[in-house]
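The following block contains the structure, expressed as structure tokens.
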Amino acid sequence: MSTLAHDFLSWVEATDHGLMRRVHRWRAPRWIRLWMVCATRGGDGWLWYALGLLLPIFGGAEGRWAVLEAALACWTGIGLFLYLKRATGRRRPCALEPHCWSTLLPPDQFSFPSGHTITAFAVILPIIGHFPEARFALQFCAVSIAVSRIVLGMHFLSDVIAGALIGTALGLGFHAAGLALGA
């Protein structure tokens, strides 16, 4: 590994661990705690399943295309994050230092990248492509899910940034493919 790459990765790790220590010691107000727990639970899948059921019913052909594109992006993202988590083996922040108030258990032992964040961005972008009027609500949900993963001690900042980038690429890619096929 080059010196530049090593220095960059050292900087990312130092930044991640510094933020982790601050977040794990922050006694967030009750409303933020509730918001973060609700956001992370929404990202567990039920929110996406609900959209997957409602959009084809109420969104017509656009809804069916949006769900197809979002589902393909999501499934690809799940396969990718399962592989990357095992390949990198990065431990979660909550395994390295106790959190002062969050007691949620992580879905698995590995941190990089954030699967909740990949899924959130992979799902919302095709839907926004077909229903731009839902942009604000969907972006708010995805960003809330991403932030909740950091605040609750499940992920480092770099896990969430990587997840957002991967999810964005997948969501935009599958939406572009859908448009090319006649969506």
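Note: Cβ is positioned from N, Cα and C throughout, glycine not excepted.
Copying in the features that TrEMBL gives for the protein in this structure:
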TRANSMEM  34-59  transmembrane segment
TRANSMEM  65-84  transmembrane segment
DOMAIN    67-175  domain 'Phosphatidic acid phosphatase type 2/haloperoxidase'
TRANSMEM  136-154  transmembrane segment
TRANSMEM  160-181  transmembrane segment
Under 8 Å for C-beta pairs, could you tell me which stretch among 34-59, 65-84, 160-181 has the largest tally with the transmembrane segment (136-154)?
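Between the candidates 34-59, 65-84, 160-181, the best contact partner of the transmembrane segment (136-154) is 34-59.
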Report, as numbers and ranges, every residue of the chain located at least six residues beyond the transmembrane segment (34-59) whose Cβ falls under 8 Å of a Cβ in that stretch; write 'none' if there are none.
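The answer is 28, 66-67, 70-71, 74, 104, 116-117, 119-120, 123, 127, 130-131, 141, 144-145, 147-149, 151-152, 154.
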Same chain only, please: residues at least 6 beyond the ends of the transmembrane segment (65-84) with a C-beta under 8 Å from a C-beta of the stretch. Say none if there are none.
48, 51-52, 55-56, 59, 112-115, 118-119, 122-127, 129-131, 163, 166-167, 170-171, 173-175, 177-178, 183
Over the span of the domain 'Phosphatidic acid phosphatase type 2/haloperoxidase' (67-175), count residues by DSSP class, listing helix, strand and coil in order.
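Its residues fall into 81 helix, 2 strand, 26 coil.
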